[in-house]
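Q: Straight from TrEMBL, here's the annotation block:
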DOMAIN    514-637  domain 'STAS'
REGION    1-21  region 'Disordered'
TRANSMEM  135-157  transmembrane segment
TRANSMEM  163-185  transmembrane segment
TRANSMEM  197-215  transmembrane segment
TRANSMEM  244-265  transmembrane segment
TRANSMEM  272-293  transmembrane segment
TRANSMEM  334-354  transmembrane segment
TRANSMEM  366-384  transmembrane segment
TRANSMEM  404-422  transmembrane segment
TRANSMEM  427-444  transmembrane segment
TRANSMEM  464-486  transmembrane segment
Amino acid sequence: MGTGDYEYPKSKFEQQQQQPHKVAIPPPQPFIKSLKLTVKETLFPDDPLRQFKGQSQSRKFILGLQYIFPFFDWASSYNLSFFKSDIIAGITIASLAIPQGISYAKLANLPPILGLYSSFIPPLVYAMMGSSKDLAVGTVAVASLLTGSMLGAVVNANEEPKLYLQLAFTATFFAGVLQASLGILRLGFIVDFLSHATIIGFMGGAATVVCLQQLKGILGLEHFTHGTDLVSVLRSVFSQTHKWRWESAVLGICFLFYLLVARFVSTKRPKLFWISAMAPLTSVILGSVLVYLTHAEKHGVQVIGELKKGLNPITIMDLSFGSPYLSTAIKTGIVTGVIALAEGIAVGRSFAMFKNYNIDGNKEMIAFGMMNIAGSFTSCYLTTGPFSRSAVNFNAGCKTAVSNIVMAIAVMITLLFLTPLFHYTPLVVLSSIIISAMLGLINYEEAIHLWTLDKFDFVVCMSAYFGVVFGSVEIGLVIAVALSLLRVLLFVSRPRTSTLGLIPDSTIYRSMDQYQNAKSVPGILILQIEAPIYFANSSYLRERIVRWVDEEEDRLKSLKENDLQYVILALSAVGNIDTSGITMLGEVKKVMERRGLKLVLANPGGEVIKKMNKAKLIEVIGQEWIYLTVGEAVGACNFMLHTCKNAEKPTSGSESGKESRNDNNV
């Protein structure tokens with residue numbers, strides 16, 4: 001007897017493969033446990049308390065001390081080799097910190113000595129509490145500009161210097177409180193709303209404004225506009241052409257050329273980083289000697305003048321919490337604090353990536369906050385981790401935060417013994433130093449990259465830039481943040497949806513926009529929702545699904561193909577859903593029924609199916625129309641389509657067998 005018609009019994013595995021898998025509903029959890037998990041994932045994604053599990057009380061105390069003060073963590077393994085590297089790096093960044101500190105203090109309309117004060121106490125605090133090995137602490141141009149423009153709008157630094165100083169210290173205090181609070185409350189993700197494109201545009205605009213304002217020093221002008229926008233600055237410059245000092249201009253252009261050449265050499269040959277790092281201090285020394293020998297201060301070249309000798313005076317009693325301008329100080333502290341955080345953490349993470357170690361963003365916020373609070377008590381204004389100084393620290397071969405301690409000691413020696421030497425330092429040299437540093441922040445190459453990568457990010461970047469340049473620093477910041485938030489809202493409220501098709505010679509379903517060879521399944525429309533479903537996007541998704549159905553039916557009519565029968569919603573990318581989303585799915589089910597279509601769900605996630613079960617939506621849609629995969633859903637729909645055809649139009653036995661085999665293949 002032949003065996004051609006004999007059917008071998010199917011294995012248990014093959015029988016299981018023919019049965020669609022049931023979508024599981026997660027077991028219910030107590031509300032308190034669910035809340036704790038949500039809070040933990042939101043505020044403690046890195047699980048900082050994990051290291052304390054199973055430890056003795058004494059060990060927990062040591063670990064807690066090391067967590068708050070990372071200095072005690074790495075100090076035990078510190079060695080002489082590290083110390084040699086850190087001394088070289090510390091002295092190198094001190095040579096940059098001293099002239100930059102003096103320059104940036106002038107930019108904030110503060111006494112130059114405050115720039116040195118701010119490079120003494122804050123680095124010591126950060127060395128104890130910071131988690132970055134490469135960050136070099138100090139003042140920055142953008143925060144200095146913000147401080148000067150925001151406080152200068154209500155108080156004139158020349159007419160009321162004491163009040164202006166008090167407001168600057170108070171703003172620094174509130175900036176520190178904000179930064180430390182964000183770290184303690186684990187709210188660092190708020191800073192992430194300043195996107196990369198926003199920071200590029202804002203920093204570039206602020207750098208442009210800073211460079212324009214240095215024309216006052218380059219041209220030797222005594223009176224200058226308090227505005228920071230391009231029009232005000234150019235008007236102030238060209239309305240005083242008769243007051244331009246050619247001596248000052250020549251000196252400034254020469255030193256600027258020297259600084260730019262030094263930076264170019266260091267860029268081309270990284271091993272010669274010290275040339276660029278030493279260039280600002282060299283410029284200060286050469287400029288001071290030149291002015292002293294030629295008595296250039298008598299010919300229109302302005303000099304710093306006397307700098308007070310001695311360490312930081314205590315200013316805790318100068319914090320003006322009862323001032324009528326307290327609201328301005330708080331606003332200045334919040335704005336500068338957020339900008340300083342964004343820059344400092346971004347710089348720290350960048351260099352940590354190069355050396356393959358991690359920094360804790362929340363620890364960094366606490367460290368920044370505490371060093372600014374301590375700074376406000378000791379005659380310092382806002383500090384963070386500037387890129388230029390940190391890059392020099394990195395290239396100088398620093399091993400730990402001890403380089404900050406070395407820098408602080410070098411600044412301390414300067415404060416105690418060397419401040420009289422800066423008496424003849426020309427302001428034009430400080431302007432040249434600032435311009436040289438700021439040109440590096442105008443990152444036009446990154447702007448071009450944004451244009452090629454993402455046009456909307458480019459628009460955000462340019463909006464921030466032009467807002468700062470033609471409006472003000474505050475306007476540019478508001479525009480940039482508003483556009484970034486708008487994009488977040490657009491992502492949430494207008495999620496992507498796409499139609500899926502079958503990849504030839506496979507059982508894989510993918511987007512037909514991405515895979516041009518993907519084929520649609522006759523009588524079935526497969527839609528993928530690529531975002532969580534919330535109240536903000538539920539109405540849009542309902543309308544978009546209906547529109548997809550309309551477009552598909554119109555397409556089938558134009559091609560004279562079979563009518564649409566099933567709509568499959570692929571929910572694998574829907575991580576969560578709220579009550580509005582559940583209601584929307586119920587409404588879509590009703591709309592499909594009115595149009596004679598069947599709604600099918602594929603691969604709903606745990607949170608989605610759990611809420612559907614609680615809302616009784618599974619009963620409304622039907623458990624038999626919820627599948628684990630798109631392939632199973634398509635197979636079931638095809639089976640129903642062919643079953644209906646067979647019932648309406650009986651075929652011969654051979655044809656039925658052929659269709660049955662085709663069904664099995666599908």
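Residue positions begin at 1 at the first shown residue.
Just so it is clear, glycine is given a Cβ too, placed from its N, Cα and C backbone atoms.
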Q: Taking DSSP states H, G and I as helix and E and B as strand, how many residues of the domain 'STAS' (514-637) are helix, strand and coil?
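A: Secondary-structure breakdown of the domain 'STAS' (514-637): 63 helix, 21 strand, 40 coil.
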Q: Which stretch from 135-157, 366-384, 427-444 shares the most C-beta pairs under 8 Å with the transmembrane segment (197-215)?
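A: Highest pair count goes to 427-444.
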Q: Using a Cβ-Cβ cut-off of under 8 Å, list the residues of the same chain that are 6+ residues beyond the ends of the transmembrane segment (163-185) and lie near it.
A: 43, 108-111, 114, 147, 150-152, 155-157, 191, 315, 318-321, 323, 325-326, 328-330, 332-334, 336-338, 340-341, 361-377, 379-382
Q: Contact between the transmembrane segment (244-265) and the transmembrane segment (366-384) is defined here as three or more C-beta pairs under 8 Å separated by at least 6 residues; is that satisfied?
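A: Counting Cβ pairs under 8 Å, fewer than 3, so no.
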Q: Count, for each of 135-157, 272-293, 334-354, 464-486, the Cβ pairs lying under 8 Å from the transmembrane segment (427-444), and report the range with the highest count.
A: 272-293
Q: Cβ under 8 Å, sequence separation of at least 6 from the ends of the transmembrane segment (404-422): give me the contacting residues as numbers and ranges.
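A: Contacts of the transmembrane segment (404-422) (Cβ under 8 Å, skipping residues fewer than 6 from its ends): 86-87, 89-91, 93-94, 97-98, 101-102, 112-113, 116-117, 119-121, 123-124, 126-127, 135-137, 284, 288, 304, 306-312.
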Q: With pairs closer than 6 in sequence left out, are the transmembrane segment (135-157) and the transmembrane segment (464-486) joined by 3 or more CB pairs under 8 Å?
A: yes
Q: I'd like to know the mean pLDDT over the domain 'STAS' (514-637).
A: 92
